[in-house]
Amino acid sequence: MGACSSKAQHQTRDPEPREQQAAQEQKSTGPSGAPNDAPAPAEAERKMSGSSATAPKGEMPTASTGTPEQQQQQQQQQQQQQEQQQHPEHQQSEKQQQHGEEQQQERKPSQQQQNEEAAAPHKHGGERKVQKAIKQQEDTQAEDARLLGHLEKREKTPSDLSLIRDSLSTNLVCSSLNDAEVEALANAVEFFTFKKGDVVTKQGESGSYFFIVHSGEFEVIVNDKVVNKILTGQAFGEISLIHNSARTATIKTLSEDAALWGVQRQVFRETLKQLSSRNFAENRQFLASVKFFEMLTEAQKNVITNALVVQSFQPGQAIVKEGEKGDVLYILKSGKALVSIKNKEVRVLQRGEYFGERALLYDEPRSATITAEEPTVCVSIGRDLLDRVLGNLQHVLFRNIMLEALQQSKVFASFPTEQLSRLIGSVVVKDYPENYIILDRENRTRASASALFSAQGVRFFFVLEGEVSVFAYKDKSSSSSSSSSSSSSSSSAEGEMELHLIDTLKRGQAFGDEYVLSPNKPFAHCVKSNGPTKLALLTASALTATLGGQDIDETLDYNNKLAITKKMYIFRYLSEQQTQTLIKAFKTVRYTQGESIIREGEIGSRFFIIKLGEVVILKGEKRVRTLGRHDYFGERALLHDERRSATVAANSPEVDLWVVDKDVFLQIVKGPMLTHLEERIRMQDTKVEFKDLNVVRVVGRGTFGTVKLVQHIPTQMRYALKCVSRKSVVALNQQDHIRLEREIMAENDHPFIIRLVRTFRDKEFLYFLTELVTGGELYDAIRKLGLLGRYQAQFYLASIVLAIEYLHERNIAYRDLKPENILLDSQGYVKLIDFGCAKKMQGRAYTLVGTPHYMAPEVILGKGYTLTADTWAFGVCLYEFMCGPLPFGNDAEDQLEIFRDILAGKLIFPHYVTDQDAINLMKRLLCRLPEVRIGCSINGYKDIKEHAFFSDFDWDRLAGRDLSPPLLPKGEIYAEDAEEGGLDIEEDEGIELEDEYEWDKDF
């Protein structure tokens, strides 16, 4: 097989694709972009209950003013009004400007009119120009070299700093910066001087500088025509703060002497990155010092850290006042604060100390006044925001305590998280005073404990707050000789029995394993509180209800079977219903030592899991190995009519096996899921060598070359082969991306994600051999379908959510989610492709990467982002599915317009979109504050799956391939209608690589 030119992913494209991947090596911004015009989640839901969620002419209702988010929104609107003055290089003429404003205001209604005039159905995107994904940095050497000759040293005066600060504060990209960040950037700008006629920027030339006019006048020239002037205090080159791109105008000096302040994009973003990283680390450290949060998980602490708000106070300014209602926790980051009660000074708070923690739990007035003694900076979080990103704090803390205790329990340790959550949800929480007998033998309790504990009573309990002593009863006569000298015994006796202290349990500990394992065993201990105590009690009836009527042994057996089957691909992605039915179909069979279980050469029809005992595997008379408890064998017999490759015999006096027959399995798993499993197992079984591949045709072209359909000659299996030119990779400085792409693809194993079979390399190319996906792009499918209905949108969005959820569970950010990067398989189910932008996240990322229309605000800005960026793209896709155009920048002519619309544009819904559940979900996904974006809280994707939009959708049947896809592909669909045989290729034996190609040694 010879060399092909290539693309870094298995993709097919339109003749004029709107695509491709991206990896702009630049820093991007932070978790707190400007808030959306969409109401915050709670507000949005409130508005949904009104008469209408859409205002006249497709306008979305505006949220009322007052909250910090809404105040930021108003500031954004004011900034938009100032933009024409602040960025005059984008002005052309007054008439053109007014026309542009009209277009922006009527953008969505104009789309509606087009749709109404069309016969039907509504079309996706219309004639919009969609930007390609940002891939690599443009060369700015020419501009950089020219500007170097104008650079001068200058000490900034107070008036200089004031001018710079004012300009930065009104800049859209800088709108989310705090005072410290603006100050750092003001100190980072450089001074440039110019003479009349000097050129600052050239139209079409790539640039990386953002400028503020210090003095003089400059003219704006577009296509050799002067269209505007730039005066002192005005700025230009805003797009350069986001990424290097071609200048849209030439800027030339008009004055005899003129000067600019300028900052390079790399300096700008590196400054923000350093500040953001340092602030996050500091805030995380401060949060760790709050004892109140010590029972939170690391992930929960990170969520809170991302949501912390920085607040500054001047000397003498009250931070909180005694008697006022409190709902905010404050941590001092710098400065000092005086605590006073009833006008009496009590103490002084220093850096790292905190106050107001009770305000997060209880509706009670402040117990003291706290006043800044000097300039003081605090980080804070309010109860409302905390509830939105984490949930009710007390419930979260208690749940964490119980979850950790269950995971350490000998009985519950093997329970899956979902089962543990159900157990936690069934407990009863009760408070007890000091020295209270909470439980006694045979479940005798004080009368105030209520009839709750009648029948089988309490079987298990957790200590949430306080401390309890646990006593055992012993026969007094048999232990009298030792009890007098035992410090752990109690002198109180009941009849001929006396109490002996056996344990003292504190917060986070639990008791009752023996009573869970023996449901009918009478409670034989005494539990007493050592102080005010809060317990969570699990009763026998609650335990039975939670376990679905099964006893604990049956549940443990079920969990063991579940854990074992989920290790195998053949069972891993069955639906929950299919899995439950399969596990219940297992029967127990016993064999005695020496008895053959299966015989070499016979046709297999059973799958086995070892419950107890040991088996030996024999090839002929040769002993190969032994298998023990919870090992398994024979799974291939469920899918294939194959002869057994070995004999398996019992190797202990008794061997108990869980067994399922093939005919039972085929009654449970059938149709599309069975076909999918057969194809996947066959693909995994095939041992592919490069020399055995035959090129059939080209199916796609991209940045690095082509994608080819190839056939494996020995088995006739077909695959897609992406052929990546090493020279192109090196020229575009993409070595790390290609290597990471391979690493991530090799780890992926999900039915809705493209499967990498293996990789090859030779002197000129790298090769990705993947499964062949023949149904075409989702991008084309939604254009065939027209505007998607509720079920169609549910099907595609839910499939995408499951694929991205799988990646996020492995801490992988996809970062270029869009319909072009999703293919349909022959059954109409989705396959996520193109991992050229994916990244294994460790902390926060700062790289600007992805396709502009689908970028989250925090990616565009410069202060870091996490996995939340992918969740924003869910909202863009859903909007495109159901509304037609893109939500932001649909009619934009350049990337700056797209970015401006994403950061500050209104989210407007066409009049023909009437599904209020869908509208609400879009608003919550397209929330500019990632901390409160649905799917980004500590609940993760559970909040999306349980949203009202999916209330009538069966996620389980989707996973089991038991739903009808919106579009069933007819035949095979490829973008590239290439001639048979693809490109002419030369044979290559894989000659030794030169040293400079060491980066691709893993291929």
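In case you wondered, yes, glycine gets a Cβ from its N, Cα and C as well.
Since we're looking at a predicted model, the values are computed, not measured.
As recorded in Swiss-Prot, the features of this protein are as follows:
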- 1-141: region 'Disordered' (REGION)
- Gly2: N-myristoyl glycine (LIPID)
- 69-85: compositional bias 'Low complexity' (COMPBIAS)
- 86-109: compositional bias 'Basic and acidic residues' (COMPBIAS)
- 127-141: compositional bias 'Basic and acidic residues' (COMPBIAS)
- 173-289: region 'cNMP-binding domain 1' (REGION)
- 292-391: region 'cNMP-binding domain 2' (REGION)
- 411-548: region 'cNMP-binding domain 3' (REGION)
- 570-669: region 'cNMP-binding domain 4' (REGION)
- Val699, Gly700, Arg701, Gly702, Thr703, Phe704, Gly705, Thr706, Val707, Lys722: ATP binding site (BINDING)
- 951-1003: domain 'AGC-kinase C-terminal' (DOMAIN)
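Sequence features, as recorded in Swiss-Prot, placed on the structure.
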residue: Val699; record: ATP binding site; CB count, 10 Å: 27
residue: Arg701; record: ATP binding site; CB count, 10 Å: 20
residue: Gly705; record: ATP binding site; CB count, 10 Å: 23
residue: Val707; record: ATP binding site; CB count, 10 Å: 33
The region 'cNMP-binding domain 1' (173-289), counted residue by residue under DSSP: helix, strand, coil: 38 helix, 45 strand, 34 coil
The region 'cNMP-binding domain 4' (570-669): DSSP-derived helix, strand, coil residue counts: 24 helix, 43 strand, 33 coil
Secondary structure composition of the region 'cNMP-binding domain 2' (292-391) [DSSP: H/G/I, E/B, coil]: 23 helix, 41 strand, 36 coil
For the region 'cNMP-binding domain 2' (292-391), the mean pLDDT of the predicted model: 89
